[in-house]
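Q: I have a structure I would like to understand better, so I am pasting it below and will then ask my questions one at a time.
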Amino acid sequence: MTTYQSIEEGLPRYHASGSDDDDKIGLLSRIKRPSKLWKNLLKIVVGAACVTAILWFSLNWILIIDEVERDFDWADPNLIIAQTGAVASEVVNCSRFGVEVLKEGGNAVDAAITTHICVGTVNVFAAGIGGGGFMLVRLPNGFAEVIDFREVAPRAVYEDMFKQEPLKAKVGPLSIAVPGELRGLKLAHERHGKLPWKRLLEPSIRIAREGFPIPTELYVTMKMYTYKIEHNKELCEIFCDEEGKLKKLGDMISTVDTIQGRGGIITMEDLAAYRPTVREPLIGYFQGKKVITSPEPGSGTILLFLLNVLEEYKFHENGRTVLNMQRMAEAFKYAIARRTELGDPAFFKNTTAHKERIKEIISKEYAERIRANLSESRTWIPSHYDPEYATLEDHGTTHISVVDADEMAVSMTATLNHFWGSQVMDSNTGILFNDQMDDFSIPIPPSIERFWPAPHNFPAPGKKPMSSTCPTIIERPDGRFEMAVGASGGTRIMSAVTQTLLNIYEFDMNVLEAIDYPRLYHPLLPNELFVESGFPYEILEKLIKIGHVVKIHSIYNRGYGCQVQCVRKFTNGTIHAASDFRKNGIAAGY
């Protein structure tokens, strides 16, 4: 439409003038002078033919160029096209800091550390060294490992400590689990880093000391939590200066005194005892490609389950039909039901049996059984999907995807849990602490849905709560790196990453288009299908007729959104990188 309008606006406008009688007289006069008539007609015909030819050529040339631009993605500046390395994060300057590290000879782990520390400094509400996470690393030779620096419950915790006051697991000092981020990043650097540790922290130290303009995403989240910030002394010291602008952040010092001084139970011994865990990743296959993702307490299990179930439907053959979207929605419900079986693998009574169950859930044979029971014409109440326990929703997080010149890749997800975490901030350092204790299940009687909370996710000393994160790396059938992808957004992460991969591999979208497209999400409980604005309405109408309770929310709604970060390398060496507009992210590359 824009192309046609721009061409039309460049042409002269012709308007009729004079009366009908004038037209008749003019016509008669031209008939009486046939020689001039034919000359004029010839001029008109030739002129019209020339104009038509010029317009046709111009229009089609513009359309051809426009088609080429769309094919090669020249038109959208948010799709980063690189040749050597790329970083995708939710803060554009942090993505650029990561690329600077790559240019200086650092590798993907170095760039991920620099980028993440920066994100935690700028988008302090979502991540930071007061939290934890998971880093999936793929080395140039194809070896992969997961560095699990998820927060753990303090030693003084006990199973039913939040039974009478569940809110204390969400806000305040008791909601804080032992942070693992710094130790996790340091371990990753010791195992795989190239540049000095100090160099990786320099950009964040600089912006923390000098201050920085409030970026859009931070400002939006501050506005969402205005009352809480204004009534929190430590938060307000930073975010509520006289001019209403962000103050400068200071250096990192001690954090223990702040937590204990406000009634927390984390001790110096808890912090000293924390050790990140190096885990073997989960491996699956989708369309012949190797899918490498995070094991428990992450949710890579569920991502592989979803890809296995949906792969055989071959969405590319019929496109985004009602039938295919019904299959997707039902698969999401089965997936959330299976997630209720997961937890910290070290705390299951029968670890051998649990490992075998995980192998079963991610198998192609199990997916075939699910497809045999998956209805293509109706939906069911939650118990139909056989969840073992009540579902649990987690929140927040940030994600970073990186690939370097040697095809070392990192897919890393980290979090404070809810926005602004525990809302406990150290006044000396500006470190905001997590509220990860809320990701444990609370041993209370079942709700109206009649599902008991999961005992394998009850709090216990040294235990890690279940997480929805699924940082993922994909290899081509020849073993070469193809993609690093992951997301932030709590329990929506698994479905968001799944839909992004389907958009790329089934619907032939580039990474930016795949990320931007409106998504579906079903939490099982409540039994409602959440849909982002912009999703085809004709499909939603028919899903409602099938029986789904559809709730549409704004694609910009932070409370429901999920933000994907992705880098993809093609066989010709070109790299595409994109960050999710839902969190104002922009990638960088070179």
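In case you wondered, yes, glycine gets a Cβ from its N, Cα and C as well.
Because the structure is a prediction, the values reported are computed rather than measured.
OK, TrEMBL features for this one:
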- Thr397: active site, nucleophile (ACT_SITE)
- Arg150, Thr415, Leu416, Asn417, Asp439, Ser467, Ser468, Gly490: L-glutamate binding site (BINDING)
- 40-63: transmembrane segment (TRANSMEM)
Q: Here are the recorded positions: Thr397, Thr415, Asn417, Ser468. Which has the lowest count of other Cβ atoms within 10 Å?
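A: So among Thr397, Thr415, Asn417, Ser468, the recorded positions given, the one with the fewest Cβ atoms within 10 Å is Thr397.
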Q: Could you give the Cα-Cα distance between Asp439 (L-glutamate binding site) and Thr397 (active site, nucleophile), in whole Å?
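A: For Asp439 (L-glutamate binding site) versus Thr397 (active site, nucleophile), the Cα atoms are 13 Å apart.
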Q: For the L-glutamate site made of Arg150, Thr415, Leu416, Asn417, Asp439, Ser467, Ser468, Gly490, how many Å separate the two farthest Cα atoms?
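A: Farthest-apart Cα atoms in Arg150, Thr415, Leu416, Asn417, Asp439, Ser467, Ser468, Gly490 are separated by 14 Å.
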Q: Within its own chain, what residues at least 6 apart in sequence put their Cβ under 8 Å from the Cβ of Ser467 (L-glutamate binding site), listed in sequence order?
A: Phe134, Arg150, Pro297, Gly298, Ser299, Asp394, Thr415, Asp439
Q: Of these binding-site residues, Arg150, Leu416, Asp439, Gly490, which scores lowest on Cβ atoms within 10 Å?
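A: Across Arg150, Leu416, Asp439, Gly490, these binding-site residues, the one with fewest Cβ atoms within 10 Å is Gly490.
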Q: How far is it from Leu416 (L-glutamate binding site) to Thr397 (active site, nucleophile), counting Cα to Cα, in Å?
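A: So the alpha carbons of Leu416 (L-glutamate binding site) and Thr397 (active site, nucleophile) sit roughly 6 Å from each other.
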